[in-house]
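A short worksheet on the structure shown next.
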């Protein structure tokens, strides 16, 4: 299996087979175990990794940096003020230059087309750290966390609550149905997923036996839920939409009433973070002052409850990103897992 990843880009979930995606999850679990036991796993010894960031980041930057160092590579951060993608230099030219200097390239930004161009012209593996359309490294962490809690993925029901047309919702739908996970999107009709994304997921669901539900009805959405998942109500670049999103998405908040509707004591709660569950941030205070809402997509009660697994999920970003880099770029002594 290892050989099928060598030299490949990691740009979107739809580019991989079920077996490949599940292998990366299992490989990440193996690397996590090595990390916990203090066993070196320097599959990228002597490699140089470029980390390109148009968008700000805490978890993605920290995960790629620590993962690269653990693997023996040198990570070099290039922020929005350091790169000229499409401004003073075309993406194609930038890709060709960076590909001569680095062994692998991570990109976190707005345009999916841009990361695809990097992948087309760099000549080295390119990894999507997030775009407006897809968030594939997050999915590996999410579904690793699910598997750690339930021992399997096939047949699990995951309910995403909130903005059903953002990158996380897109990726949850496609990655989940690819692996046999039932995915429910609980969202207002105005924010239902794009039809093309749903059709793509339906194709995967037909192969895997997964079930898809897109609804604005809470009772329908959480019926049979094993996982409740939410994300911020306003994505990066949409800050002018705060007022309308708060009004529109308040009924889709993950709170204890919604948890109780699921009627599953083994249920877990996931969030890709950051979460606006209180007013202990400048952002949270500002929203509370302007709109009278002290808790947004998830209540503080749920966020701190026994159901919460989001900090495990955040840690798993590092282990899964490590798996992607090692599999696509690593020296070929990766064990079978």
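For all residues, glycine too, the Cβ spot is worked out from N, Cα and C.
Annotated carbamoyl phosphate binding site per Swiss-Prot: 57, 58, 59, 60, 84, 108, 135, 136, 137, 138, 272, 273, 317, in sequence order. Residues annotated as L-ornithine binding site in Swiss-Prot, with sequence analysis given as evidence: 167, 231, 235, 236.
For the pair residue 59 (carbamoyl phosphate binding site) and residue 231 (L-ornithine binding site), the Cα-Cα distance reads 14 Å. Taking every protein chain shown into account, 57, 84 are the binding-site residues, and of these the Cβ with the most other Cβ atoms within 10 Å belongs to 57. With a 10 A radius on its CB, residue 235 (L-ornithine binding site) counts 17 other CB atoms from all the protein chains. Spatially, by CA atoms, the binding-site residues 84, 135, 137 include one closest to residue 235 (L-ornithine binding site), and that is 135.
Each of the binding-site residues 236, 272 was scored by the other Cβ atoms within 10 Å of its Cβ; the lowest score goes to 236. Residues 57, 58, 59, 60, 84, 108, 135, 136, 137, 138, 272, 273, 317 are the ones the record ties to carbamoyl phosphate, and the longest Cα gap between any two of them is 29 Å. Sparsest Cβ environment among the binding-site residues 135, 167, 231, 317 (other Cβ atoms counted within 10 Å): 167. Sorted by the number of other CB atoms within 10 A, the binding-site residues 59, 137 start with 59, the lowest.
Using a 10 angstroms CA-CA radius around residue 137 (carbamoyl phosphate binding site), none of the binding-site residues in 167, 231, 236 qualify. Per Cα geometry, 231 is the residue among the binding-site residues 167, 231, 236 nearest to residue 272 (carbamoyl phosphate binding site). With respect to their backbone Cα atoms, residue 84 (carbamoyl phosphate binding site) and residue 231 (L-ornithine binding site) stand 30 Å from each other.
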